[in-house]
Amino acid sequence: MDSELESKFGSDATDEQGEFVDFENEVDDEDLLPEGIDSDDELARRARIRAATRVGSPVPMESLAAQVEAEPDDGDSDLPEGRFAERELSWLAFNARVLEQAEDQTLPLLERAWFLSIFSSNLDEFFMVRVAGLKRRIATGLAVPSAAGLSPRQVLEGITEGAHELMARHAAVFSEDVQPKLAEVGIDINHWDQLEDLQREGLRKMFRSDIFPVLTPLAVDPAHPFPYISGLSLNLAVVVRNPNTGKEHFARVKVPPLLPRFIAIDNAGRTYRPEDASLIGEGTVFVPLEEIIGAHLDTLFPGMEVVEFDTFRVTRNEDVEVEEDDAENLLTALEKELMRRRFGPAVRLEVAEGISDHVLNLLMKELDVRESDVYRLPAPLDLTGLDVIHDLDRPELKYKKFVPVTARGLADVESSTPTNFFDVIREQDILLQHPYDSFSTSVQQFIAQAAADPKVLAVKQTLYRTSGDSPIIDSLIQAARAGKQVLAIVEIKARFDEAANIEWARKLERAGVHVVYGIVGLKTHCKLCLVVRQEEDGLRRYCHVGTGNYHPKTARGYEDLGLLTSNRDVGQDLTRLFNQLSGYAPRTKFHRLLVAPRSIRPGLIERIEREIEHKQAGKDAWIKIKVNSLVDEKIIDALYRASRAGVRVDIQVRGICSLRANIPGLSENIRVRSILGRFLEHSRVFAFCNDGDNDVFIGSADLMHRNLDRRVEALIKIIDPGQIARLVEMLEIATSDSTSSWHLEGDGWRRVKYDEDGEPLTDIQELFMRNARSRVKS
């Protein structure tokens, strides 16, 4: 045991460091090479890793173009190596685009704070799942290279370098830009030492009454082992000294997660919760909760001297693994796994700048993290808490309010004598685009009417994520209590919503709803609702197929599509698919659906190949795609072949993109755009020219292995000519050079917001909001 640390804390600790080479240190790489390694070869290898893993910067375009030129043109085998961008680093490039939104001086100030919060929560999940998975593969010796040709260790090195850079930039945007500007408009986030005397006294009173009773200081010594640190919790590492012996001890204090992240206090010393915005007076400042606790540590350790305290935060592996084949009761097995998830290994340690070496070394030792896993940041840590600041009642600092409108064809539903949904849908299909088309007056109301209609005999519904006070759940329960047959396919393995979905599954079961959990080994991600109604001419099926969750809250902030229809073929398709999900129907065939894991990838590739044939025959050919992520190598290779054949390919992708655009001889006919804005672009659309007879699908599937191989996904073919034209126009606007977006180029992503004359390009979301408002006025 290190004698210095023993004298500091009176407990076992070491000063061991990991072996990771930190590229940001001012150290010559050659000095860090192990003995017996040829320095020239190793340094060249590391240089290649850096080039390949630079955030947003794939392998140089000239190098890949040279490979293309050198290869013979004899089919798939001639596609060059290095044609795929590394997916994990592409994700970091996506989060860098989120950060660019926070840096955008033209956005309302509180929206910039909101994007800082989103960046933080995105990165938390990335570390909990993707980085944790990489570390697990390295630890178990699974060194299979990625599609980009990098080993798990090389990818992890690239992530570490990129994440350190982005997190430092993120902290600087807050402390040097957003925080001072918030202070200028009366939203002052202050440190304890910046407060006035009256404010400090007010916070002391609040600490004694509301904070002190829920704190639990945990000492670390031979009789008290190092406590478990829960994932994403904010903590204080405290060093105290016994004045009688002079001996120093370590303790940990957890910042209570159920208390407000920031406490508001005015210049008269009155305290408020941030949600009480209407009560907050002039001179109000916001103080991080951990600073209030830190200023009162003497009350937690009476008779001891507080030597130092530092904030820290741990991110753990929180992915869930359930052996479904061996689990007799999937619900019970998942509940047990959720309990185990709390104790996953640490994958990241965030610490406040200025933390002493001996405290940091103790944390690293006890949490079993390496130096490369440590992120030193200016306080306050955990800027996910800025969502509380965003929620303040300051409309002048936010986007102008937008109220979704009722979709065309359903407008009469809002009148004093609402039109029956079934009458409307029986006459025509309704194509919805949320949030511009209201979710509450369309999908939500459709399901509510089905629950209340005495002619409805059955309701079948998939549920992947839904809200805490879900009216969808309430409608299903109402339908079951009315004696209807109600089936809910609840995906209890939806990541980070498992606990909520278990709760809803049990609530539905208690109400008499038939609840099933889909097919073993597959997540049910498709968005479907089927209503069976008795009518004069027999049973008729009414359907909804969507791209987004049945979640009223996210439907206000996510851009999604949905189709309401009573088409006979669609009704048969959904009946067969629900039977497949709830029973045994492995060889089901469909009329208008493509369903993963069997038919989406081959169905899309078949249509890509058809465009190639049309182009070679001199016919019209193009491909337009909108997805959240594009990773699947087989789909990407098919798109490369289409580009080589001269087919124009336009892709709108919000997040990960492993395809590399504008590579001569490979993808010069592929244009990739990314749009981020006030709404999260979430819909998936696949459109093919088909020599003028356009083939268009919408649905739940992204072009990723998990969606195409390990999930039940559904795409529906759109057949109404007007709706086809509307969707194709939407894709054309999104990828147009006149629309503000990020462009994927040979050396990474580039934001294009203004034209050559400095005029703002079209904001597609603003355009769609204007169109929605104009429908109301007309």
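Including glycine, each Cβ sits where the backbone N, Cα and C put it.
Annotation source TrEMBL lists compositional bias 'Acidic residues' at 13-39.
The domain 'Polyphosphate kinase N-terminal' annotation in TrEMBL covers 84-189.
The 10 Å shell around the Cβ of His682 (ATP binding site) contains 22 further Cβ atoms across the protein chains shown. The ATP binding site annotation in TrEMBL covers Asn122, Tyr558, Arg654, His682.
Annotation comment: TrEMBL describes 199-386 as domain 'Polyphosphate kinase middle'.
Annotation comment: TrEMBL describes 421-585 (among others) as domain 'Polyphosphate kinase C-terminal'.
A sphere of 10 angstroms centred on the C-beta of Arg465 (Mg(2+) binding site) encloses 19 other C-beta atoms. Feature annotation from TrEMBL assigns Mg(2+) binding site to Arg465, Arg495.
Look at TrEMBL and you will find 593-750 (among others) tagged as domain 'Polyphosphate kinase C-terminal'.
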Between Tyr558 (ATP binding site) and Arg465 (Mg(2+) binding site), the C-alpha gap once rounded to whole angstrom: 13
Listed binding-site residues (Asn122, Tyr558, Arg654), ranked by Cβ neighbours within 10 Å, top entry: Arg654
For ATP: widest Cα to Cα gap among Asn122, Tyr558, Arg654, His682 in Å: 16
Predicted model, mean pLDDT over the domain 'Polyphosphate kinase N-terminal' (84-189): 94
Output field, ATP shell: CB within 8 Å of site CB centroid, site Asn122, Tyr558, Arg654, His682 dropped: Asn628, Gly655, Leu680, Glu681
Rounded to the nearest Å - Cα separation of Arg465 (Mg(2+) binding site) and Asn122 (ATP binding site): 18
Secondary structure tally of the domain 'Polyphosphate kinase N-terminal' (84-189) (DSSP, helix then strand then coil): 81 helix, 3 strand, 22 coil
